[in-house]
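Per TrEMBL, domain 'Aminoacyl-transfer RNA synthetases class-II family profile' is recorded for 31-363. Per TrEMBL, L-histidine binding site is recorded for Asp100, Leu101, Thr102, Arg127, Gln143, Asp147, Arg296, Tyr300, Tyr301.
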Amino acid sequence: IAKEVAKLLEMKAQLGGDEGKHKFVLKTPKGTRDYSPKQMAIRERVFNAIITCFKRHGAEVIDTPVFELKETLTGKYGEDSKLIYDLKDQGGELLSLRYDLTVPFARYLAMNKITNIKRYHIAKVYRRDNPAMTRGRYREFYQCDFDIAGQFDPMIPDAECLKIVHEILSDLQLGDFLIKVNDRRILDGMFAVCGVPDSKFRTICSSVDKLDKMPWEEVRSEMVGEKGLSPEAADHIGEYVQLHGGLDLIERLLQDPKLSQHKLAKEGLGDMKLLFEYLTLFGIAGKISFDLSLARGLDYYTGVIFEAVLLQQENDHVEESVSVGSVAGGGRYDGLVGMFDPKGRKVPCVGVSIGIERIFSILEQRVEASEEKIRTTETQVLVASAQKKLLEERLKLISELWDAGIKAEVLYKKNPKLLNQLQYCEDTGIPLVAIVGEQELKDGVVKLRVVATREEVNVRRESLVEEIRMRTSR
């Protein structure tokens, strides 16, 4: 063996070593992705729709650092805290990448002593998950958050958050959707009357939260087997968490002999009734379902919680529609800012987060399936020439257009063929071509060609900008 190895090493030496050559693995880190111009064009469309809606509701925009002090994030996310990305000690500070935009927002409010703000924040967050990238789940992803902080009359801001979700999902035309709502106080009251010990509230809550992904039997065995809940308590919970409906269900539960005796649950049900009255005024109550199985795993929620799911008709014969996953969620968190305030001053907050990645992967698949052509630039006109030796004239003209705010391009060749210039417009979706030629220069005009219809008109040089604006605004 030693001889063989020596022989192979000798051959390798003759062939010339690989010193200095490092083999790179060309890939993005696990749970991340690059976005092509086409994907970014779709993404931009979605962001614009969301930002337009947030602004329509009077929100200001803020930004916060991508990493926070580790202690800022610790203990705010319940069982999910293990998914926080910790960074190496940097100059005496223990830092972590932000896990969501809500905790940094609460820190921002406490730090700046703000007691009243309506804000949106769109930025990347990080989770050390084992991501299912096919389902739009990543380790690095965008969140789009809208929050209302301040002391107001009950349920008015909460109803507005649900209205915003309804507006965005309707605007993006993702198909049929349902917004499930519940209240942390109703949940806690339900756990109490079902005989769940206080110490187990949070952990049982995170089990209930899995009901949208697992059947009741599996959730029940997790509660009893792994979390040590008594089978009686679990069965009791089962009777409640399978209920969903509207005002009628709220009325029924307000009469429930056990729940109505529980102070917090009664408060929650009273607020839920009020919420449904406001949602009816907004004209969206038909898309809202009061659902006792909705738990949302995060520790910081204190009142109303909600989640929007897209529905998919199984097939034409079946009325029953199935959920294809959550695309927005949120709720009320009245205690979070107080956790950061040295004097423990509370600032009530309610907010919603739009699941942009899930929405984006749905739209992306739809574009792929329909083979719709997506423009990746916004160029309005290509400045072209029909003869040789007109580069200077093309550059002069394009400079005029740029200075007038027109989005214009020119091919980077001295003497491009007219056919190639027109083909470029076809390929990239540029609607107009401004052609300069010797005759046009003499006459003080530019030939404007509409790519789609091949119609050509001579336009006076001084009215070209106006003509391009008029034709591209239509």
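Placed from the backbone N, Cα and C atoms, the Cβ positions cover glycine too.
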*When a 10 Å sphere is centred on the Cβ of Arg296 (L-histidine binding site), how many other Cβ atoms does it contain?*
22
_For a quick check of packing: other C-beta atoms within 10 Å of the C-beta of Thr102 (L-histidine binding site), how many?_
26
*Please report the number of other Cβ atoms within 10 Å of the Cβ of Gln143 (L-histidine binding site).*
19
_Tyr301 (L-histidine binding site): tally of other CB atoms within 10 A of its CB_ = 24
*In sequence order, which same-chain residues at least six apart have a C-beta under 8 angstroms from Asp100 (L-histidine binding site)?*
Tyr77, Val125, Gln143, Asp145, Ser353
_Span of Asp100, Leu101, Thr102, Arg127, Gln143, Asp147, Arg296, Tyr300, Tyr301 around L-histidine - largest C-alpha separation, Å_ = 21
